Amino acid sequence: SDSGELTLKICNLMPQDSGIYTCVATNEHGTASTSATIKVQDSAADGATISWKENFDLAYAELHEIGRGRFSIVKKCVHKATRKDVAVKFISKKMKKKEQAAHEAALLQHLQHPQYITIHDTYESPTSYILVLEL
């Protein structure tokens, strides 16, 4: 601002991000720092709520695996009605909590940039949280 005051807004935090944060400002006149203890309350990103549908298999057919990680498997799938290819991330319920999967889905819903994938839909199966993504 004109008074030289700055504001820092930290978005999309989760409860495990709670802790001590330090801000350091440096310019030609020197360095100044300040710290604050931050307690992150549990809520969806920007108040978003994720609607988890069932019956993924009725809408999509799995084609093949694209990749895998510790918490999820990504597969190429096709939407049965439109024949459109999509990437589908199957997040293991044994490895991640529903709130964590919902947070990821909410983040993707809020991102709008040509370099980021878009999320099309969310499903839940007995073993996975399912994110339908742009291929």
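Note that Cβ sites are derived from N, Cα and C of the backbone, with glycine treated the same way.
TrEMBL labels come from automatic prediction, so no person has curated them.
Less than 8 angstroms from the CB of Lys89 (ATP binding site) sit Ser72, Ile73, Val74, Ile130, Leu131, Leu133, each of them six or more residues away in the same chain. The ATP binding site feature in TrEMBL is assigned to Lys89.
Sequence annotations record features per position, and here TrEMBL assigns domain 'Ig-like' to 1-39. Residue counts for the domain 'Ig-like' (1-39) under DSSP, split into helix (H, G, I), strand (E, B) and coil, are 3 helix, 18 strand, 18 coil.
In this model, the domain 'Protein kinase' (60-135) carries an average pLDDT of 93. Feature annotation from TrEMBL assigns domain 'Protein kinase' to 60-135.
Residue counts of the domain 'Protein kinase' (60-135) by helix, strand and coil are 13 helix, 37 strand, 26 coil (DSSP-based).
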